[in-house]
Amino acid sequence: MFYDQAKIYVKGGDGGAGAVAFRREKYVPEGGPSGGDGGRGGKVIFIADEGLRTLVDFRYKRHYKADRGEHGQGKNMHGKSGEDMSVRIPVGTVVKDADTGEILADLIEHGQKVVVANGGRGGRGNARFMSNTNKAPTVAENGEPGEERNLLLELKLLADVGLVGFPNVGKSTIISRISAAKPKIADYHFTTLVPNLGVVELEDGESFVVADIPGLIEGAHTGAGLGHEFLRHTERTRLILHVLDIAGSEERDPLEDFQIIAEELRQYSQELANRPILIVANKMDIPGAEENLQRLTEKLGEDYRIFPVSAATGEGLKELVYAAAKALPEIPAPQIFVRDEEQHKLTQASAPHRFELTREGDFFVVSGKEVEKHVQMTMFDREDGLYRFQNILKAMGIERALLDEGIKVGDKVRIAGIEFEWEE
């Protein structure tokens, strides 16, 4: 089975907690703080590997979690960072956030890497909190939780040329003739249910990769007949060979077939519909082909190059292959995804809302990535930790927002699942 989609969960390692410790030193209160920082959590990293062909491995393992950082220790000893987790995926995989649909990466080269989940930073030890007014702090931080997200992986085959058309028009026979690919061939619809790749080698030493895309039907752009799964693999091709049963042996009109598939490509992606196309008029060895070829040429000959061929006898295939090879250098490779790193950073930095305040029954509920991170990193079992958290709420404007909403002594506040009681 050819697995070209997978949904998985990834999580970076949590940061290690900072330590509360004091060294023994004469004339220094409590010996002076010496708690080290926690180590950073490991990252989850995807690496493109040309040796992998499908996403089948992700069918059996769906959760990937990097190691957490070690906790800090006394004597200003920092915790060791967690080990990164490297996950190999096939070249040609597009990585999406499954919850938002955002494209995170498009891995098209062997060895290309992308971090899909960062590890959390280590919590600061109490040595970091010493100041002129607090010579012996007893506060430290928990480690920051690692990033976590659900990912959708989509494998889009890397091919220069894509063979498209209705089922049973001869695409598999053509690819078996012009390359070493050995697809399953039979005289019934949907013989090909997975894409086949073949390398076409020319006499002058040049070569290109061709993909036999499983047969499309009307409504493919809506998913009919596994259309979405099949059309996905045409997105990377630079040149499309639209194969027609020019003899009409399936009692279909080849001109109408061309128009239907062209419309399916347009409905799926306008950029795909604009891709250069060569028309392959196959089955020229069957009676009725000449008449249909003449009619097709009259209708489409001015806009498209038409190549009459017979996959059964091999007639016309050499001319087709060399025409494709000649056209390819002039056609730029399509780009599925280009990430503007600077723009991405600016977007992240300019988030308009630092927190949100709502009411749920008797609770005031405060939510937001920043404040929730502070909750997770605060050691509430230490008085200094609670005092510091109160100062954070004040600095972020949360205290003022709660007062404006009419909070009173004894009211309940919930942040990141933890409940607090409001006091003066």
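Placement of Cβ uses the backbone N, Cα and C atoms for every residue, glycine included.
Taken from Swiss-Prot, the feature domain 'Obg' applies to 1-158. Model confidence over the domain 'Obg' (1-158) is summarised by a mean pLDDT of 90.
Annotation comment: Swiss-Prot describes 159-329 as domain 'OBG-type G', evidence class sequence analysis.
Annotation comment: Swiss-Prot describes 165-172, 190-194, 212-215, 282-285, 310-312 as GTP binding site, evidence class sequence analysis. Its own atom aside, the Cβ of LYS283 (GTP binding site) has 25 Cβ atoms within 10 angstroms in the protein chains shown. Under the DSSP three-state reduction, LYS283 (GTP binding site) is assigned to coil, being neither helix nor strand.
In the shown protein chains, 24 other C-beta atoms lie within 10 A of the C-beta of SER172 (Mg(2+) binding site). What Swiss-Prot lists as Mg(2+) binding site is SER172, THR192.
Positions annotated as domain 'OCT' by Swiss-Prot: 347-424.
The binding-site residues ASN168, SER310 differ in how many other CB atoms lie within 10 Å of their CB, and the one with the most is SER310. Between the alpha carbons (Cα) of SER310 (GTP binding site) and SER172 (Mg(2+) binding site) lies a span of roughly 13 Å.
For PRO214 (GTP binding site), the count of additional Cβ atoms within 10 Å of its Cβ stands at 25 [all protein chains shown]. For the domain 'OCT' (347-424), the DSSP-based tally of helix, strand and coil residues reads 33 helix, 19 strand, 26 coil. Ranking the binding-site residues GLY165, LYS171 by how many other Cβ atoms lie within 10 angstroms of each Cβ puts GLY165 at the bottom.
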